[in-house]
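Working notes for the structure below.
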Amino acid sequence: MGFYVTQFMSGLAQAATLFLVASGLSIIFGVTRIVNFAHGSFYMLGAYMAYTVSDVVGGFAGFWGGIVAAALAAGVIGVVMEMVLLRRLYRSPELFQLLATFGVVLVIQDLALTIWGPEDLLGPRAPGLEGRVRILGQAFPQYDVFLIVLGPVVLALLLLLFKWTRWGTLVRAATQDREMTGALGVNERRLFTSVLFVGCALAGLGGALQVPREAVNLQMDVSMVVEAFVVVVVGGMGSLMGAFLAALLIGQLQAFGILIFPQITLVLVFLVMAVVLVVRPYGLLGKPPAAARGAAHAPEAPLRPAGLPAKLFGVAVLAVLLLLPVVAGQYALVVLTETLVLVLFAASLHFMMGPGGMVSFGHAAYFGLGAYAAGLLTKHMDGGMLAGLVTAPVLGGLGALLFGWFCVRLSGVYLAMLTLAFAQIVWSVAFQWTAVTGGDNGILGVWPAPWASAKWVYYYLTLAVVTGAVLMLRRAIFAPFGYAMRAGRDSPLRSEAIGMDVRRLQWLAFTAAGAMAGLAGGLYAYAKGSVFPTFLSVPASVDALVMVLMGGVQTIAGPLVGAAVFHGLETEVVRYTDFWRLILGGIIILLVLAFPKGIAGAADAWFGSGRSAEGRA
Amino acid sequence: MTSPLLTVNGLNSFYGRAHILADVDLQVGAGEVVALMGRNGAGKSTTFRSIMGLVEQRRGALSFGGADISTAEPFEIARLGLGYVPEDRRIFTELTVMENLEVGRQPARAGSPTWTPERLFDLFPNLAEMRDRPGGRMSGGEQQMLTIARTLMGNPRMILLDEPSEGLAPRIVEMMANAIVALKSQGLTVMLCEQNLHFAALVSDRAYVIEKGRIRYQGTMAALQADDEVRRAYLTM
Ligand SMILES: Nc1ncnc2c1ncn2[C@@H]1O[C@H](COP(=O)(O)OP(=O)(O)OP(=O)(O)O)[C@@H](O)[C@H]1O
Ligand SMILES: [Mg+2]
């Protein structure tokens, strides 16, 4: 009995940290509408900085002063991020800030590696709270008791701050209608900066408080940001009380999940999130988003079929791709083949994101399903490559058909989080069902059929399949189906009113995107000769997202350009430097600042203005 | 006309590639009440939004109280003492009446009336009874009063009122007209846009008429009322 009680209490202590980080995330999202992917990085920085202060200064003052200093410093770094980066992007397409903050994640990872080194750092016990209390015969750390108390105290302070101060009132007003708040004389920029300070300081505080509980390490950032998102989404965006309840729930799931199903704790968390979202689409205490006003996003420009210059350009690119094997070496062919596969992967995500208006944080699930379809067929059924390439889109499509049915019931960030949840579930199945999937060791020996085993042959095969698939996606966008999809995206209510079944359309688009991602996954499996759980991990989904966003969501050429640039960069940078994250992150940030509409979006504007100038002449 | 408080010269505004306002010129003198009249879609709201800096693509020379506001940001323009009351009210529905007023609060300004919630409750007695009610649970008329009161909390020298009579019951419209006259008597400058000529005539000294983004007529309110031709061409449906 005592054991369960202490387990319950350590769940509560974990919940306190989770709540601190998640509340910061929620506040930032509420006001700025920015999905701050770097939030986990501020948590990690908080932990490292607190560790260092306590290490250098030592003793009581070093530890407790370090926590305060780390929180403040994290807030200041957040302010710098806002002033240097985010501020320039408030008028960019939605989610572009997500890309920018992803660049920040990469940069901070390498900076932390440089400053603090790759080893885990074990922090001190909390001075004054080193001891243990006895609860029903079980020892329980005093420090955890302190955290359990701290959680509700911070919640109360935040609630008071928002309800009873002018700053809080302005923040709540700006959350609902930024533009009107500005027109009433409120300096939104200052407000946003201060919100970033508070949000990031909360993350830093969470990290700093974690130092006595776990070793500080370089993986803290991504694992925490995913958990914090789960908490915010389960609790309901913008509800501090909701985030608190959700943190309690997730904390307990983790504490007891470890006891009951040690392998699938993570899945358990995502499973609960999926259930909550299906039952309560806006989280426990969330309200339907009241379409925040004045987000300053111009309406999407309509997609235009390619004009003659663009068509010629496309044909030229294809011609170059056809001729490349003549000059390219073996290594270059491998990179080119992979890039082509990623083009299809990105195009499939773009299909549901751009015209479909559904953002997925878990698109790698369908890519991975396709890859595993090919791998399992080869390993367990001696299936040939062609059978594998046929099964891949089928399995990817089936997965999307199943998960899509749930996802299209939601929209926006909620939808995105549900896709992430499903992707995590698929990932853990691949990771833990060792008997079938080989677990972490993956499936090896997934090679193309003998006739396609030469690198150049497989390259041409990939080129043919990818070109065909991308053209099909294009066709769909300009077919009545595509127009209906965009109508459903832009005015769901009106589309329903004229008798369109928007959900069904979205479900179809989701499934088609999944099938195409599956096809890409199948191609990838044979190109690599192996299949690993990393194919369907969160980073793989993020890569796809980065490719689409980098290219520009509302241009059809976007994903093609984005995939080529991203994969090319990644391959090259990794080859030449150990600091590839720093460089890649830096490049992403610079690209975002230089092309706030995406690379292809910028090119479009160029060609577009050229064309209309001709028209006038 | 006294010395102009607001001057707009050659204002051109665009939404994307659509050219909405073409060479709009306006002047409003301190203490005046001026109406901007026009049919649906004529460009009235766009004119107000452009003056407030809320339209991204705008060109032209705009000045307020001697300060150049051609490239200023909305919050800067508001802090110069130009208040804006949007047509769709845009009450913060989650915030109470008092909190809505708090968002609009700015320091007192020499030369314009200083407002407190209590003084505003004298002007709009209905609001006094619902201080702690969330904005989302108020009637259209109450919201219209709140949106004006909220802007007045900035102690403006001038306010832009976008269709204050729209969708209100006759009794409330009359109250609005009285409130505007009371504001004028306290020295506030008002520019309002309207389709309702009767309402505009109750409160305004002068009028501009806009059609398809161009100013087609300007003159005293009395002259506009007398000019059947202009009214038929640009105002009646
Ligand atoms: N956000 C927008 N994007 C594109 N066009 C717009 C936008 N807002 C208004 N317009 C167009 O600009 C023109 C002027 O609109 P505006 O709202 O200024 O008219 P108005 O005179 O205020 O009309 P109403 O009396 O109906 O309020 C209209 O043709 C309208 O369709
Ligand atoms: Mg209007």
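Placement of Cβ uses the backbone N, Cα and C atoms for every residue, glycine included.
Feature annotation from TrEMBL assigns transmembrane segment to A:42-61 (among others).
The feature transmembrane segment is assigned by TrEMBL to A:98-117 (among others).
Among the features that TrEMBL reports, transmembrane segment is placed at A:145-162 (among others).
The transmembrane segment annotation in TrEMBL covers A:229-251 (among others). Cβ atoms under 8 Å from those of the transmembrane segment (A:229-251) belong to residues 11-16, 18-19, 21-23, 25-27, 29-30, 151-152, 155, 158-159, 162, 175, 269-270, 272-273, 276-277, 280, 282-287, 289, 413-414, 417, 420-421 of the same chain, restricted to positions at least 6 beyond its ends.
Feature annotation from TrEMBL assigns transmembrane segment to A:258-279 (among others). Distant neighbours of the transmembrane segment (A:258-279): 7, 227, 230, 233-234, 249-250, 406, 409-410, 414, 417-418, 420-422, 424-425, 428, 432; these residues of the same chain sit at least 6 beyond its ends, with a Cβ under 8 Å from one of its Cβ atoms.
Summarising the annotation, TrEMBL assigns transmembrane segment to A:312-333 (among others). Same-chain residues lying 6+ beyond the ends of the transmembrane segment (A:312-333) with a Cβ under 8 Å from its Cβ atoms: 306, 340, 455-456, 459-460, 463, 467.
Tertiary neighbourhood of the transmembrane segment (A:386-406): same-chain residues 274, 277-278, 365-367, 369-375, 377-378, 418-419, 422, 426, 446, 449, 465, 506-507, 510-519, 521-523, 525-526, selected by CB-CB distance under 8 Å and a gap of 6+ residues from either end. The feature transmembrane segment is assigned by TrEMBL to A:386-406 (among others).
The feature transmembrane segment is assigned by TrEMBL to A:413-436 (among others).
Remote same-chain partners of the transmembrane segment (A:456-484), defined as residues 6 or more beyond its termini with a Cβ less than 8 Å from a stretch Cβ, comprise 303, 305, 318, 321-322, 325, 333, 336-337, 340-341, 343-344, 347-348, 351, 355, 389, 448, 495, 500, 505, 508, 512, 516, 519-520, 523, 526-527, 556, 560. Taken from TrEMBL, the feature transmembrane segment covers A:456-484 (among others).
Summarising the annotation, TrEMBL assigns transmembrane segment to A:505-526 (among others).
Here TrEMBL flags A:546-567 (among others) as transmembrane segment.
The transmembrane segment annotation in TrEMBL covers A:579-599 (among others).
If one looks beyond the transmembrane segment (A:42-61) by at least 6 residues along the same chain, the residues whose Cβ comes under 8 Å of a Cβ in the stretch are 21, 24, 67, 69-71, 73-74, 77-78, 108, 112, 115-116, 121, 123-124, 127-128, 200, 203-211, 216, 218, 220-221, 224-225, 228.
Nonlocal intrachain contacts for the transmembrane segment (A:145-162), taken as residues 6+ away from its ends with a CB within less than 8 angstroms of a stretch CB, comprise 9, 12-13, 15-17, 19-20, 23, 126, 129, 133, 168-169, 171-172, 202, 209, 240-241, 244, 247.
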